[in-house]
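What Swiss-Prot records for this protein:
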MOD_RES   2  N-acetylalanine
TOPO_DOM  2-14  topological domain 'Cytoplasmic'
TOPO_DOM  36-60  topological domain 'Extracellular'
TOPO_DOM  82-97  topological domain 'Cytoplasmic'
TOPO_DOM  119-149  topological domain 'Extracellular'
TOPO_DOM  171-178  topological domain 'Cytoplasmic'
TRANSMEM  15-35  transmembrane segment
TRANSMEM  61-81  transmembrane segment
TRANSMEM  98-118  transmembrane segment
TRANSMEM  150-170  transmembrane segment
């Protein structure tokens, strides 16, 4: 006789998972808005040079990671709400959660690292070339880069916690009887 299937996650655990999914999506949405609106106009020798975020490759990568993560987070949010409402979980959901959480969390981590790295390097280079203070618009440009990278890092941490839960859920999933 086959062992009884494990009990579905408790309502409290489902609520925590739902809140983590919402938190991840919120962090990613704010990241996308911040980085996509990041632009600065440099005044060098009476010449104006507009520097939008997409002129910096690492910021483009960061935006791409955030958008991909946001799409995944929204899909997962709908799946989690569906599971929460019905109390039923499709057998393939365990694997989708497991692999998706792992891949997307690493994508978010690398996007965050790229954002931190390029913000520091470009700011240090700019400081070496031109003296500026905290009221300079260039400082605001780099501050938005740091803020976006920080939010992407928070989204990674949130998704990494979800990844632990999806690993546990996969190992305890009900095995279909043939």
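Using N, Cα and C of the backbone, Cβ positions are placed for all residues, glycine too.
Sequence-distant contacts of the topological domain 'Extracellular' (119-149) (same chain, six or more residues past either end, CB-CB distance under 8 Å): 31, 34-35, 37-42, 44, 51, 53, 56, 59, 62, 66, 111-113. Within its own chain, the transmembrane segment (15-35) is flanked in space by residues 9, 53, 59, 62-63, 66-67, 69-70, 73-74, 76-77, 80-81, 84, 108, 115, 144-145, 147-148, 151-152, 154-155, 158-159, 161-162, 165, which lie at least six positions past its ends and keep a Cβ under 8 Å from the stretch. Here the transmembrane segment (98-118) has Cβ contacts under 8 Å with residues 28, 35, 56-59, 61-62, 64-66, 68-69, 72-73, 76, 145-146, 148-150, 152-153, 155-156, 159-160, 162-163, 166-167, 169-170 of the same chain, all six or more residues outside its ends. Note on the transmembrane segment (150-170): residues 9, 13, 17, 20-21, 23-24, 27-28, 30-31, 34, 62, 65-66, 69, 73, 94-95, 97-98, 101-102, 104-105, 108-109, 111-112, 115-116 of its chain, located 6 or more positions outside it, place their CB under 8 angstroms from a CB of the stretch.
Mapped onto DSSP helix, strand and coil, the topological domain 'Extracellular' (119-149) counts 24 helix, 0 strand, 7 coil. With helix defined as DSSP H, G or I and strand as E or B, the topological domain 'Cytoplasmic' (82-97) counts 12 helix, 0 strand, 4 coil. On the 0 to 100 pLDDT scale, the topological domain 'Cytoplasmic' (2-14) averages 65 in the predicted structure.
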